[in-house]
Amino acid sequence: MAITQFRLFKFCTCLATVFSFLKRLICRSGRGRKLSGDQITLPTTVDYSSVPKQTDVEEWTSWDEDAPTSVKIEGGNGNVATQQNSLEQLEPDYFKDMTPTIRKTQKIVIKKREPLNFGIPDGSTGFSSRLAATQDLPFIHQSSELGDLDTWQENTNAWEEEEDAAWQAEEVLRQQKLADREKRAAEQQRKKMEKEAQRLMKKEQNKIGVKLS
């Protein structure tokens, strides 16, 4: 039974190889036919009659042959010059306002000053009485509320007393702050000691409970 199955399998594989070979041959023959049918034959001859004719090219030396060789100006005898002068006169002068104006600077002469006489002027000197300096008179201000300025005496000890009072007040405040700080520190230390004592008591109680059990 096994031998017959092996022979049948071998026969099927042979048929499959034959069919695949035939299929490849058929595909190759079909491709060759398509390529042979798609080929395009190109013409080997060229028709020169269809090419457009080029225009005749002229040399650059012959371009100015037809140009005029002389120019005649009508209306001679200086008419052209007079027309140009009239046109120049009609044009406005744009730079007229830009011409600089030169002005002479004024000279200031300073005369040498003569020494002033601060004394009382008399007829011998040539100075005027309005230019002479007078001695300052003492100014005495009297008021009904403040009294005479000469009789007022400054109390120098008042400033020192105020400074002492301010310093004493600052010292009292500083001492009070220091006492409050020490009080808070003592309170915190007391609370810390109480917590430590409670913790030790709980620890002792736990030990006693363990021993009893």
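Backbone N, Cα and C atoms are what each Cβ position is placed from, and that goes for glycine too.
Taken from Swiss-Prot, the feature phosphothreonine applies to T41.
In this structure, Y94 (phosphotyrosine) belongs to neither helix nor strand by DSSP; it is coil. Listed in sequence order, the same-chain residues six or more apart from Y94 (phosphotyrosine) with CB atoms under 8 A from its CB number zero; the list is none. Summarising the annotation, Swiss-Prot assigns phosphotyrosine to Y94.
Residues of the same chain that sit 6 or more residues outside the region 'Disordered' (178-213) yet have a Cβ under 8 Å from a Cβ within it are not found. Summarising the annotation, Swiss-Prot assigns region 'Disordered' to 178-213.
What Swiss-Prot records for 178-206 is compositional bias 'Basic and acidic residues'.
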